[in-house]
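A quick write-up on the structure given underneath.
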Amino acid sequence: MLTLIQGKKIVNDLRSRLAFEYNGQLIKILSKNIVAVGSLRREEKMLNDVDLLIIVPEKKLLKHVLPNIRIKDFSFSIKVCGERKCVLFIEWKKNTYQLDLFTALAEEKPYAVLHFTGPVSYLIRIRAALKKKNYKLNQYGLFKNQTLVPLKITTEKELIKELGFTYRIPKKRL
């Protein structure tokens, strides 16, 4: 367990240190492409882990980011890692914390931010209402009859409004 303040400090420390190896080169992950999600974004007082969403600029890089993740000046071990999710244990100020990393393409960002921020109860209500209209919402997009529904949105707030719901800041979601 860690406090919200500790979680925010860890994220600040990580922002300039995340990179991945690709074709023998170390590619820095830009701070603007790192989004705090989960209980940290909802500003819960106590956190079980730190959740970060990494926005990947090109589809061809997606399969390389998490399996080849590097954190400058941090000691870490990988519990499990795939193309879209990686669970790490990081050493920070003499303690070990769980860091969950997720990836999304730029066009998936609003959906992924909503999905990984939650909370689950909030997402269940939204998805249930959409299901009645034959839509499916997940971290990759909005679908109708298994076909992606293109929406001209770039933020989670725009997504919520486009779906016909009232936007609530993450810490006010139930």
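Positions of Cβ are set from backbone N, Cα and C atoms, glycine also.
According to Swiss-Prot, the feature Mg(2+) binding site maps to Asp49, Asp51, Asp100, an assignment based on similarity to another entry. Residues annotated as disulfide bond in Swiss-Prot: Cys81-Cys86. What Swiss-Prot lists as region 'Involved in ssDNA binding' is 42-51.
In the three-state DSSP assignment, the secondary structure recorded for Asp49 (Mg(2+) binding site) is coil. Within the model, the region 'Involved in ssDNA binding' (42-51) carries an average pLDDT of 98. Geometry remark: Asp49 (Mg(2+) binding site) versus Cys86 (disulfide bond), CA distance 13 Å. Cα spacing between Cys81 (disulfide bond) and Asp100 (Mg(2+) binding site): 10 Å, rounded to the nearest whole number. Sparsest Cβ environment among the disulfide-bonded residues Cys81, Cys86 (other Cβ atoms counted within 10 Å): Cys81.
Here Asp51 (Mg(2+) binding site) comes close to Ala36, Val37, Gly38, Ser39, Leu40, Arg41, Asp100, Phe102, Phe116: these same-chain residues lie at least six apart in sequence, with C-beta atoms under 8 angstroms from its C-beta.
Summarising the environment of Asp49 (Mg(2+) binding site), the number of other Cβ atoms within 10 Å of its Cβ, over all protein chains shown, is 17.
Summary of the Mg(2+) site environment: with the site residues Asp49, Asp51, Asp100 set aside, the chain residues having Cβ atoms within 8 Å of the Cβ mean position are Val37, Gly38, Leu40, Asn48, Val50, Leu52, Val87, Gln98, Leu99, Leu101. Here the Cβ of Asp100 (Mg(2+) binding site) has 18 other Cβ atoms within 10 Å, regardless of which shown protein chain they belong to.
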